[in-house]
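Worksheet for the structure shown next.
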Amino acid sequence: MAALLLGLLLFAMQSPPVPSRPMTDGGPPSPPTSLPADNGTATYPNGTLQQLPQIIIIGVRKGGTRALIEMLSLHSAVAAAQNEVHFFDWESHFQKGLSWYLTQMPYTYPNQLTVEKTPAYFTSSKVPKRIHQMNPDIKLLLILRDPTERVLSDYTQVFYNRLQKHKRYQPIESILIKDGEINLGYKALNRSLYYVHMQNWLQYFLLESIHVVDGDELIRDPFPEMKKVERFLKLEPQINASNFYFNKTKGFYCLRDHGRERCLHDSKGRAHPHVAPAILQKLYQFFHEPNKKFFELVGRTFNWK
């Protein structure tokens, strides 16, 4: 009996990992034949591997990062990490090293690209240097929305989180305004000062390495924005208009992939709280100059209020 129990225990410990996509040979990968090599990969006998990401979605929080990674995953040459890894911005994770980071990546085939998304990367001052040290040639995706809309989405997420936990919350007006003026101490406002954070990234990466996705357009009409992403990543054109359909009940686009339909979680696309027009006008005025500076930095404009 003891031998049988020992055998079962050893079997459980050696259970192979599950690949990120269905395997063509019908079986899961065997244990790796090599673990983190100098080129940032761990290989498996059946041809699958884990590799450090060649693409990172760096932000911004409440900009549409979940929608972007789900839409990008429609492409067969892309495999996405399932969770936000927070490797470069959380010290507790960063101290574990690249070998740990590699274990958080999906199992792929050699012809696939790996992507991870952590929206907090964009606004963390230490992240650009760390990513550049890992791979100076990495492709970065940054999805942005109208700064005022992004602030309202930021508040809405925190509002519902506190509501679900039966915690007290502050009305949005009391957070946005202090002594009759915009509350500069509100962190959500800082996250929408895109030019401040972009300047930091451009100290380490050329603008050509960072593709800015228009998050407002991705909501309104995702297909044209995803074609731009495909071109930036030099992917074979695969994503097409039939991959998207408008869900009238939810009020936004959902995805269709090989006959399967799926929508983002119900927490996405929540209605924003009502904000007095006078306060909205203060926000628009507050972001006017920072927006102009961002447009100059990236050499393009966006239809922001």
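Using the three backbone atoms N, Cα and C, a Cβ is placed for every residue, glycine included.
Taken from TrEMBL, the feature active site, for sulfotransferase activity applies to Lys62. Here TrEMBL flags Cys254-Cys263 as disulfide bond. Per TrEMBL, the feature domain 'Sulfotransferase' maps to 53-291. Under the heading region 'Disordered', TrEMBL lists 18-42.
You'll find the Cα of Cys263 (disulfide bond) roughly 17 Å from the Cα of the residue listed as 'active site, for sulfotransferase activity'.
Here Cys254 (disulfide bond) comes close to Phe244, Tyr245, Phe246, Asn247, Glu261, Arg262, Cys263, Leu264: these same-chain residues lie at least six apart in sequence, with C-beta atoms under 8 angstroms from its C-beta.
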